[in-house]
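Copied over from TrEMBL, here are the features:
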type	residues	note
DOMAIN	3-85	domain 'GST N-terminal'
DOMAIN	92-220	domain 'GST C-terminal'
Amino acid sequence: MAKDMTLLWGTGSPPCWRVMIALEEKNLQGYNQKLLSFEKMEHKSQQVLDINPRGQLPTFKHGDNVINESYAACFYLESQFKSQGTKLIPDGPAEQALMYQRMFEGLTFYEKLNAVIYYEWYVPEGERHESALKRNKEALVTELKLWEGYLQKLGSGSYLAGPSFTLADVVVFPTVGTVFRFGLSPERYPKLGEYHNLLKERPSIRASWPPHWLESPKGLDTLKDI
(Lines of atoms letter the chains of each structure in order from A; the text may use other names.)
(Lines give C-alpha, C1' and ligand atoms only; values in the text may rest on other atoms or scores of the structure.)
Protein backbone atom coordinates (compact mmCIF):
# COMPACT_ATOMS: atom_id res chain seq x y z
CA MET A 1 0.00 0.00 0.00
CA ALA A 2 2.70 2.48 1.01
CA LYS A 3 4.52 1.76 -2.27
CA ASP A 4 1.64 3.49 -4.08
CA MET A 5 2.28 6.67 -2.08
CA THR A 6 4.59 9.57 -2.86
CA LEU A 7 5.41 12.44 -0.52
CA LEU A 8 7.44 15.50 -1.52
CA TRP A 9 8.39 17.37 1.65
CA GLY A 10 10.62 19.96 3.29
CA THR A 11 12.44 19.61 6.61
CA GLY A 12 11.10 21.68 9.51
CA SER A 13 7.76 22.34 7.81
CA PRO A 14 4.90 21.60 10.27
CA PRO A 15 2.44 20.80 7.42
CA CYS A 16 4.88 18.19 6.02
CA TRP A 17 5.56 16.84 9.50
CA ARG A 18 1.83 16.33 10.13
CA VAL A 19 1.51 14.01 7.14
CA MET A 20 4.67 12.12 8.06
CA ILE A 21 3.43 11.51 11.63
CA ALA A 22 0.07 10.27 10.26
CA LEU A 23 1.85 7.88 7.85
CA GLU A 24 3.94 6.49 10.72
CA GLU A 25 0.92 6.09 13.01
CA LYS A 26 -0.94 4.17 10.28
CA ASN A 27 2.07 1.84 9.77
CA LEU A 28 2.60 3.11 6.22
CA GLN A 29 6.40 3.20 6.24
CA GLY A 30 8.18 2.55 2.95
CA TYR A 31 6.33 5.18 0.90
CA ASN A 32 8.20 6.99 -1.89
CA GLN A 33 9.55 10.27 -0.63
CA LYS A 34 11.77 13.11 -1.67
CA LEU A 35 13.21 15.82 0.56
CA LEU A 36 13.19 19.19 -1.21
CA SER A 37 14.88 22.46 -0.26
CA PHE A 38 12.83 25.59 0.44
CA GLU A 39 16.03 27.67 0.26
CA LYS A 40 16.70 26.44 -3.29
CA MET A 41 13.01 27.06 -4.14
CA GLU A 42 12.59 23.38 -5.07
CA HIS A 43 8.96 23.57 -3.94
CA LYS A 44 8.36 25.66 -7.07
CA SER A 45 9.96 23.02 -9.32
CA GLN A 46 8.03 21.42 -12.17
CA GLN A 47 8.03 18.11 -10.28
CA VAL A 48 5.95 19.73 -7.53
CA LEU A 49 3.82 21.93 -9.80
CA ASP A 50 2.77 18.88 -11.83
CA ILE A 51 1.04 17.50 -8.71
CA ASN A 52 0.47 20.68 -6.69
CA PRO A 53 -0.21 23.80 -8.79
CA ARG A 54 0.16 25.95 -5.66
CA GLY A 55 3.86 25.05 -5.53
CA GLN A 56 3.72 24.13 -1.85
CA LEU A 57 4.88 21.29 0.35
CA PRO A 58 3.71 18.76 1.31
CA THR A 59 2.73 17.33 -2.03
CA PHE A 60 1.13 13.93 -1.49
CA LYS A 61 -0.21 11.31 -3.84
CA HIS A 62 -1.77 7.87 -3.22
CA GLY A 63 -2.26 6.02 -6.48
CA ASP A 64 -4.13 8.54 -8.64
CA ASN A 65 -5.46 10.46 -5.62
CA VAL A 66 -3.75 13.77 -4.88
CA ILE A 67 -4.20 15.29 -1.40
CA ASN A 68 -1.83 18.20 -0.84
CA GLU A 69 -3.47 19.98 2.09
CA SER A 70 -1.91 18.50 5.23
CA TYR A 71 -5.11 18.30 7.28
CA ALA A 72 -6.94 16.69 4.36
CA ALA A 73 -4.12 14.15 3.89
CA CYS A 74 -4.27 13.20 7.59
CA PHE A 75 -8.06 12.73 7.44
CA TYR A 76 -7.69 10.72 4.25
CA LEU A 77 -5.09 8.38 5.75
CA GLU A 78 -7.22 7.72 8.83
CA SER A 79 -10.30 7.13 6.68
CA GLN A 80 -8.61 4.80 4.19
CA PHE A 81 -6.59 2.81 6.75
CA LYS A 82 -9.04 2.85 9.65
CA SER A 83 -8.25 -0.65 10.89
CA GLN A 84 -4.47 -0.27 10.54
CA GLY A 85 -2.06 1.21 13.10
CA THR A 86 -3.28 3.76 15.63
CA LYS A 87 -6.97 4.67 15.68
CA LEU A 88 -6.75 8.45 15.35
CA ILE A 89 -10.44 9.46 15.63
CA PRO A 90 -12.01 8.43 18.94
CA ASP A 91 -15.53 6.98 19.10
CA GLY A 92 -16.79 8.91 22.12
CA PRO A 93 -18.69 12.09 21.14
CA ALA A 94 -17.05 14.27 23.83
CA GLU A 95 -13.49 13.25 22.95
CA GLN A 96 -14.26 13.45 19.23
CA ALA A 97 -15.75 16.94 19.60
CA LEU A 98 -12.70 18.12 21.54
CA MET A 99 -10.39 16.55 18.96
CA TYR A 100 -12.04 18.42 16.07
CA GLN A 101 -12.08 21.66 18.05
CA ARG A 102 -8.37 21.50 18.91
CA MET A 103 -7.44 20.37 15.40
CA PHE A 104 -8.93 23.42 13.78
CA GLU A 105 -7.77 25.80 16.50
CA GLY A 106 -4.34 24.43 15.64
CA LEU A 107 -4.52 26.34 12.35
CA THR A 108 -4.80 29.64 14.27
CA PHE A 109 -1.92 28.62 16.55
CA TYR A 110 0.27 27.88 13.50
CA GLU A 111 -0.71 31.15 11.79
CA LYS A 112 0.11 33.24 14.89
CA LEU A 113 3.45 31.49 15.29
CA ASN A 114 4.38 32.12 11.65
CA ALA A 115 3.50 35.81 11.96
CA VAL A 116 6.31 36.13 14.52
CA ILE A 117 9.05 33.72 13.44
CA TYR A 118 8.78 34.47 9.72
CA TYR A 119 7.96 38.18 9.94
CA GLU A 120 11.14 39.23 8.10
CA TRP A 121 10.64 36.46 5.54
CA TYR A 122 7.06 37.41 4.70
CA VAL A 123 7.20 41.22 4.99
CA PRO A 124 9.42 43.26 2.61
CA GLU A 125 12.03 45.36 4.41
CA GLY A 126 10.42 48.71 3.61
CA GLU A 127 7.08 47.55 5.03
CA ARG A 128 8.31 46.23 8.36
CA HIS A 129 7.34 48.04 11.57
CA GLU A 130 8.35 47.29 15.14
CA SER A 131 4.79 48.04 16.22
CA ALA A 132 3.45 45.29 13.91
CA LEU A 133 5.96 42.75 15.22
CA LYS A 134 5.08 43.74 18.80
CA ARG A 135 1.38 43.22 18.00
CA ASN A 136 2.14 39.81 16.46
CA LYS A 137 4.13 38.78 19.54
CA GLU A 138 1.30 39.84 21.85
CA ALA A 139 -1.16 37.79 19.77
CA LEU A 140 1.15 34.76 20.03
CA VAL A 141 1.42 35.16 23.82
CA THR A 142 -2.40 35.19 24.06
CA GLU A 143 -2.52 32.04 21.91
CA LEU A 144 0.13 30.23 23.95
CA LYS A 145 -1.73 31.02 27.16
CA LEU A 146 -4.90 29.50 25.68
CA TRP A 147 -3.12 26.21 24.92
CA GLU A 148 -1.43 26.27 28.30
CA GLY A 149 -4.89 26.58 29.86
CA TYR A 150 -6.33 23.75 27.74
CA LEU A 151 -3.59 21.38 28.88
CA GLN A 152 -3.87 22.54 32.51
CA LYS A 153 -7.58 21.68 32.46
CA LEU A 154 -6.94 18.18 31.07
CA GLY A 155 -4.29 17.37 33.68
CA SER A 156 -0.81 15.84 33.53
CA GLY A 157 -0.05 13.17 30.95
CA SER A 158 -3.03 14.03 28.75
CA TYR A 159 -3.08 14.41 25.00
CA LEU A 160 -4.90 17.34 23.39
CA ALA A 161 -8.32 15.66 23.29
CA GLY A 162 -8.04 13.47 26.38
CA PRO A 163 -6.37 10.17 27.27
CA SER A 164 -5.80 8.98 23.66
CA PHE A 165 -3.38 10.17 20.99
CA THR A 166 -5.58 11.50 18.15
CA LEU A 167 -5.50 13.50 14.93
CA ALA A 168 -5.41 16.64 17.09
CA ASP A 169 -1.94 15.62 18.31
CA VAL A 170 -0.85 14.62 14.80
CA VAL A 171 -1.58 18.10 13.42
CA VAL A 172 -0.79 20.34 16.41
CA PHE A 173 2.37 18.73 17.81
CA PRO A 174 4.54 19.99 14.89
CA THR A 175 3.60 23.56 15.86
CA VAL A 176 4.44 22.84 19.51
CA GLY A 177 7.74 21.28 18.42
CA THR A 178 8.49 24.42 16.41
CA VAL A 179 7.79 26.89 19.24
CA PHE A 180 10.34 25.09 21.40
CA ARG A 181 12.82 24.83 18.51
CA PHE A 182 12.58 28.63 18.26
CA GLY A 183 13.41 29.12 21.93
CA LEU A 184 10.12 29.19 23.85
CA SER A 185 10.73 28.81 27.59
CA PRO A 186 9.28 25.58 29.07
CA GLU A 187 9.58 27.23 32.50
CA ARG A 188 7.24 30.01 31.36
CA TYR A 189 4.85 27.57 29.66
CA PRO A 190 5.18 24.41 31.79
CA LYS A 191 2.10 22.59 30.50
CA LEU A 192 3.18 23.01 26.86
CA GLY A 193 6.68 21.94 27.94
CA GLU A 194 5.26 18.82 29.59
CA TYR A 195 3.17 18.01 26.51
CA HIS A 196 6.24 18.48 24.28
CA ASN A 197 8.25 16.10 26.47
CA LEU A 198 5.43 13.55 26.49
CA LEU A 199 5.25 13.37 22.72
CA LYS A 200 8.78 14.00 21.46
CA GLU A 201 9.87 10.41 22.20
CA ARG A 202 6.79 8.85 20.58
CA PRO A 203 8.04 6.50 17.80
CA SER A 204 6.08 8.23 15.00
CA ILE A 205 7.42 11.64 16.04
CA ARG A 206 10.99 10.46 16.50
CA ALA A 207 10.92 8.70 13.11
CA SER A 208 9.74 11.89 11.37
CA TRP A 209 11.80 14.43 13.39
CA PRO A 210 13.12 17.15 11.03
CA PRO A 211 16.55 15.96 9.85
CA HIS A 212 18.17 19.39 10.08
CA TRP A 213 17.05 19.63 13.72
CA LEU A 214 18.87 16.35 14.38
CA GLU A 215 21.99 17.71 12.66
CA SER A 216 21.85 20.96 14.68
CA PRO A 217 20.12 20.13 18.00
CA LYS A 218 20.55 23.69 19.28
CA GLY A 219 17.60 25.71 18.09
CA LEU A 220 17.07 29.44 17.70
CA ASP A 221 16.24 32.05 20.34
CA THR A 222 13.55 33.98 18.43
CA LEU A 223 10.89 33.25 21.09
CA LYS A 224 13.07 33.25 24.22
CA ASP A 225 11.46 36.45 25.59
CA ILE A 226 7.87 35.51 24.66
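Glycine is no exception: its Cβ is also placed from the backbone N, Cα and C atoms.
All TrEMBL annotations are machine predictions without curation.
Here the structure is a predicted model, which means the values were calculated and not measured.
When DSSP labels each residue, the domain 'GST C-terminal' (92-220) comes out as 93 helix, 2 strand, 34 coil, counted as helix, strand and coil in that order. Secondary structure of the domain 'GST N-terminal' (3-85) per DSSP, as helix, strand and coil residue counts: 32 helix, 15 strand, 36 coil.
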